Amino acid sequence: MKMNRTWMIGAFVVAGTGLTSVGALPASAEDVADGATMEAQHHKMMAQMQPAAAEGSAGNPATAAQPHGAMMDMKPAPAEAAAGGAAMHMHHHDMTAGTTRSTVEYTLPAVTLVRDDGKAVSLVDELNDGRPVILTFIYTTCTTICPMVSQTFEELQGKLGVDRDKVHLVSISIDPEEDTPARLRAYAARFDAGPEWQHYTGTVEASIAAQRAFNVYRGDKMNHTAVAFFRAAPGKPWLRLDGLATPAELLNAYHEVVASN
């Protein structure tokens, strides 16, 4: 795997219930506006992340036979939640103090995922349909990183303008035992996902294979971090952006990979 790495100082970190700008370099007016918008919408996002009971009860045909001990349950006891929540927020704070850009070549695994419309699809076919791809990993019961990542994707949709219908936005679940297609549809609706932004689940094995292929597998969903991947076309390298990027940073990364195609 070939990698060229540079560092960008700035971006945002989680601080309490909002976002705080950090870094020695002055932020652009667009990034400041993005930060203000994300901070104002943070409370709304937390409220949004309570999945509807009716949606969550729908079965996932791709995971019904999977042992439920394969991944950690995201429902701690009250005493554990207080301590665990504080530790989790500190972990995410540390991991989002900046963004790291890397150019990487990945080999896609030949696995089948289940799209949010319930259709079983090939991951390779979905990512190699000719469109530029912007990809991330999430899970619907996450209350820290995932809502903010999904919020930036929602805002990115609007910033793409005329390119919006030409780009494939992809969110892959790292908790497929819980994230049924119905749950993913409800989650996508909370962030106004358009037809170009699709969410995927599948078997535990398929999800892990996808995570390993993009070098984001951490063994436990609680250890996940914010990351986004950009590719202009099949066969091209991926631009990897680690850290909680702003919508403006995502848009700039998209324009960069498309311009280099």
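Just so you know, glycine gets a Cβ as well, placed from its N, Cα and C.
Automated prediction, rather than curation, is the source of TrEMBL annotations.
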| remark: As TrEMBL has it, region 'Disordered' corresponds, among 34-70, 145-181, to residues 34-70
| said: At 10 angstroms around each C-beta, which of the binding-site residues C142, C146 has the fewest other C-beta atoms nearby? | reply: C142
| query | Over the domain 'Thioredoxin' (102-259), what is the model's average pLDDT? | reply | 97
| note | In the three-state DSSP scheme, C142 (Cu cation binding site) belongs to coil
